[in-house]
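What TrEMBL says about this protein:
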- 1-321: domain 'Major facilitator superfamily (MFS) profile' (DOMAIN)
- 48-67: transmembrane segment (TRANSMEM)
- 143-163: transmembrane segment (TRANSMEM)
- 169-191: transmembrane segment (TRANSMEM)
- 198-218: transmembrane segment (TRANSMEM)
- 230-252: transmembrane segment (TRANSMEM)
- 273-292: transmembrane segment (TRANSMEM)
- 298-317: transmembrane segment (TRANSMEM)
- 370-392: region 'Disordered' (REGION)
Amino acid sequence: MYISEVAPPRIRGAAIGTYQLFITIGILTSQGCALGTESTLNASAYRIPIGLQFIWGFIIFAGGFIITESPRWYVKKELHTEALSALAKVRNLPPTDPSVVTEYEEIKSMHEYELSLGTPTYGELFRGTLAPRTWVGINVQMFQQLTGVNFIFYYGTAFFQSAGITKPYLITVATGVVNVFMTFPGIILVEKLGRRKFLLYGAAWMSLCQLIVGVVSITVHDKSGQNVLAGFTCLFIAGFASTWGPGGWVLIGELFPLKHRARGMSLATASNWWWNWVIAFVVPYITDAAYGNLQTKIAFIWFATSLIGCVWTFFFVPETRYHSLETLDEMFESGVKPWNTAKWVPSGADAKGGYRPGDIGVVGHHVKGGKEVEHGEHEGEEEGSEKEKVSA
């Protein structure tokens, strides 16, 4: 997740949300192709959609030769001049600017500290203070898939057909349109609400929508029931696109220190694709009339998994908004509880002076410490007290 490294703390979530937007556009394009080839009864029905994929694959391949390596990658390779230049380019400031130099020194200091700890391994990700962060990354990607969103994108036409809807391909395209346009609010909300609230509200909303879809599918079998089912499916997609769609990727981009970043994110991403495959493979068996015969009642499963994801988020997901990747290390090591992390500030920061995470660099703070402070939220949010207490 190169983009999560180079973006400033305040816009890191928005940057990854923009990345998610292009994914949703790709999904909508594929749904449009499916709608266009719906009545095609020869090999073109699958050759056209697959052939179009080569275009986007080539664009991604070509982009790999254009994107500049991140400042942290250059520091890791001990190319310090290139690191400073890359950071200055990202910040759109000269390399001599004090804020660029301060941030560069912070990155360099953290890297030197991590080197003193030895060569990273996958085993280290499951020990000490890294273990909770690793499991958060793995589980957030698991619950992102278990919301059931890809069931709609993969098997939406069969789902709508089983509900009696006469134009399932058209409704599927409608979900794709909602998916694209509701990503725009997500780009804003990921910074306004913070990561925890973002995921909590999204999971609660999706579970409610799936509950309504499930209940309607087994109680109302006329045209009005079909309209409610299609409508709340679109509202479910809206909830995903504006929260968990970008939110899961934003969070894993902020969880791991530089030393363990590549391995930690690889495990989280592997979790995403593993559960993606599980859903794609298992769902046809549990919905098909010849096997599990759940059909539209599968919505109750997505209701349960989304609700469990909401509860899990409250107890395990920390707030990482606005913090630099280096100050996040201090927060995770401080022992602050996930539900109190929105109030946490780094050691050395003046909370009474109106500290806003991300406003200042805290160079070299990679040991236990930090303050948990009940201070006002930012940008017009409710104000708290300025009572300070030292965390573990």
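Each residue, glycine too, has its Cβ placed from N, Cα and C.
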Request  = Mark yes when the transmembrane segment (48-67) and the transmembrane segment (198-218) have three or more Cβ pairs under 8 Å (sequence separation 6 or more) and no when they do not.
outcome  = no
Request  = May I ask whether the transmembrane segment (143-163) has at least three C-beta pairs under 8 Å with the transmembrane segment (230-252), counting pairs 6 or more apart in sequence?
outcome  = yes
Task = Flag the pair the transmembrane segment (298-317) / the transmembrane segment (143-163) as in contact if three or more Cβ pairs fall under 8 Å (sequence separation 6 or more).
result = yes
Query = Can you give the mean pLDDT for the domain 'Major facilitator superfamily (MFS) profile' (1-321), rounded to a whole number?
reply = 85
